[in-house]
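The acetyl-CoA binding site feature in Swiss-Prot is assigned to SER196, SER199. The Mn(2+) binding site annotation in Swiss-Prot covers ASP623, ASN624, ASP659. Taken from Swiss-Prot, the feature compositional bias 'Gly residues' covers 1-13. Feature annotation from Swiss-Prot assigns N-acetylalanine to ALA2; the stated evidence is similarity to another entry. Taken from Swiss-Prot, the feature phosphoserine covers SER393, SER404. Annotated phosphothreonine per Swiss-Prot: THR406, in sequence order, evidence recorded as a large-scale study or a structure entry. Summarising the annotation, Swiss-Prot assigns region 'Pantothenate kinase' to 2-402. The region '4'-phosphopantetheine phosphatase' annotation in Swiss-Prot covers 403-820. Residues or ranges marked as motif 'Subfamily II EGMGR motif' by Swiss-Prot on the basis of similarity to another entry: 771-775.
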Amino acid sequence: MAERGASGGGSGGDSLDKSITLPPDEIFRNLENAKRFAIDIGGSLTKLAYYSTVQHKVAKVRSFDHPGKDVEQDHEPPYEISVQEEITARLHFIKFENTYMEACLDFIRDHLVNTETKVIQATGGGAYKFKDLIEEKLRLKVDKEDVMTCLIKGCNFVLKNIPHEAFMYQKDSDPEFRFQTNHPNIFPYLLVNIGSGVSIVKVETEDRFEWIGGSSIGGGTFWGLGALLTKTKKFDELLQLASRGRHANVDMLVQDIYGGAHQTLGLSGNLIASSFGKSATADREFSKEDMAKSLLHMISNDIGQLACLYAKLHGLDRVYFGGFFIRGHPVTMRTITYSINFFSKGEVQALFLRHEGYLGAIGAFLKGAEQDNPNQYSWGENYAASSGLMSTSPELCPTQRARSGTFDLLEMDRLERPLVNLPLLLDPSSYVPDTVDLTDDALARQYWLTCFEEALDGVVKRAVASQPESMDAVERAEKFRQKYWGKLQTLRHQPFAYGTLTVRSLLDTREHCLNEFNFPDPYSKVKQKENGLALKCFQSVTRSLDSLGWEERQLALVKGLLAGNVFDWGAKAVSDVLESDPQFGFEEAKRKLQERPWLVDSYTKWLQRLKGPPHKCALIFADNSGIDIILGVFPFVRELLFRGTEVILACNSGPALNDVTYSESLIVAERIAAMDPIICTALREDRLLLVQTGSSSPCLDLSLCTSRTTTCMVLPFAMWVLWTKLKSLVEKCLSPLSILLACSVLSAKSRLDKGLAVLVRERGADLVVIEGMGRAIHTNYHALLRCESLKLAVVKNAWLAERLGGQLFSVIFKYEVPTK
């Protein structure tokens, strides 16, 4: 039986090369601000984890204090924009060969200036071997952590925090990688760690797991026997040999024993009846490749059958495989997958992890950071700084990316608040946000990658224009271009590098790269100008709507919503118009819309519903700033309020393209309330609530909504106005203690613990309105909800419109009622 907690072994750590020059800007980022360390040292690879603070720029908006000013005659912008420095938390994970150990430790020691920690958590077999070296170099005490505990903690962490972390490997499919959506409940599962031996662990909860079995036949067996059979000493070279071999030359198959009679047994003739069975009777020599392939099949089948038996014994249908034996090698994943499928008859899933190599380091870090309670936060993968899955050739083991052949990177940003499933999802476990999987659709993948490449010049130009006073804006924008272009080229060759490739992930990666080079909100000035212009038109639009009869007004409101949605700077067809024709406005956008019947047209059904009783509460996910939110969404909100429906208006927490942010929506609502008694009364009576989604994406993932809030997130509007005025006053006149007291008074009267998910439950939301291409077409088009839903957008991309069976500016108006 394998020793409990055994990890991978190997040589390679004896040669400590100090002459290596490390690229610090790319590898050990933010090291000077590192606060806590952990390390997982295997036989040949080391994984380092550290927590650091990152300073970056954020765009802030603040309302001008102009009481009683006529908005229609006001020529000043509705708010001011400032760029401030903000500090956030980030986790860094680096994987490198043990050959680099001493050079890396020297580099860390020379650049470690702000750490307060005196301890480094260490796990893995090498934690003992390198203990003295680490303590000498870093002058930190090494605390050794249990290998299995660290693996489980790390596995739980990545399954909860990284979308598309787990995948099935299907060699003969296109794509080979089938990523799993994050399940709201990851437990229970089986973890099979294949190091030198095999450990099998049943994981039931965050803190409860049990070692239930193992085997002495594991990665060490493959390596050892392989070395004896082939005289090949390196593990990866053994796998390369195996990938080129034909096991049937060495193994005795069922058809070799039974001939054609195997069909009467219900068995395939190609099944292995006896591993290495032919070697006992054949006189000829066998090739190294064939022997390596036979050995790999023998060990993988043994492990697969063992895992399958334990899974069935404990009633589990998910088995995650990890350990140095796996390491993303296609030939290994293929044989294990085949074994699991065969022995379980398809009832048990063999799953692998994108970041399985980091599990021990992540777990060791979490053990050391328990007093900081890192699990109370949500964490997100930073696409700009992470290297993703390594590339693979069809048969051989993974080849390293040319960018960095020795170092592999993962970075995760701490989000401001925990994110949870929207309670209105019909079945969170089967919810898939994205409409099209680009890893699966080659034609769509090539189109969208080309589309994002062609748009890159415009994004760079917009980024530079957003910071006219910055001396280095052009230089930073060029670095952004190179970084994002590189990501797009990686995704052309490895569409699976960051999990399932979608339009959403391409947009999010672009936003991550912009933030990486301190372009937090390239469209801030565009939004400021468009919000100011739209506010001047608000009263005339509502007066026009109020003059219509009821039925005519409902259609006008919907057309207003759709016309507002045209103003999307992320769509080239629109940005070209807006840049060439500055006079293009609300009425012109209405004329662009497809005439009814629309491409998807549920309007008649919606109108019929409006003739019934009002909805209790509507949750509206807004899209763009300017005309969209002010002349499209707010008149629609106003009508719902007039009918007696409460409204929760949800906007992005952070900027993305020209999408409206929560902080901008507060100022816009303040200005509209000064003009409109319906909006003003609803805000004062807490029937119109402004909330943030927790997202900074042009798309919408309903499995990632805010579960709790920070100050002012769901502050009643009158309280927010009072807060902003009082804050301005106390900053000028009062001491810090007085400010603190004033804040505490306001906080006590506000609902600080009610985030979007909580509000939806409390208010009994029975209607969800999702607006815009990113939120209602690229994502959530097929999302099933427990309540009525309205998904509407204007298709502003000709290729997508044609795919949907329409033309540019076709209309999607999809009203759905859940089955009883």
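Glycine residues also receive a Cβ, built from the backbone N, Cα and C atoms like all the rest.
Model, not experiment: these values are computed from the prediction.
Taking DSSP states H, G and I as helix and E and B as strand, the motif 'Subfamily II EGMGR motif' (771-775) has 3 helix, 1 strand, 1 coil. In the predicted model, the region '4'-phosphopantetheine phosphatase' (403-820) shows an average pLDDT of 89.
Counting every protein chain shown, the number of other Cβ atoms lying within 10 Å of the Cβ of SER196 (acetyl-CoA binding site) is 24. There are 26 other Cβ atoms within 10 Å of the Cβ belonging to SER199 (acetyl-CoA binding site). Within 8 Å of the centroid defined by the CB atoms of ASP623, ASN624, ASP659, the record's Mn(2+) site, lie the Cβ atoms of ASN565, ASP568, ALA622, SER625, ASP628, ILE629, LEU657, ASN658, VAL660, PRO698, GLU771, GLY772, GLY774, excluding the listed residues themselves. All chains included, 29 other C-beta atoms sit within 10 angstroms of the C-beta of ASP659 (Mn(2+) binding site). Mapped onto three states, the DSSP output places SER196 (acetyl-CoA binding site) in coil.
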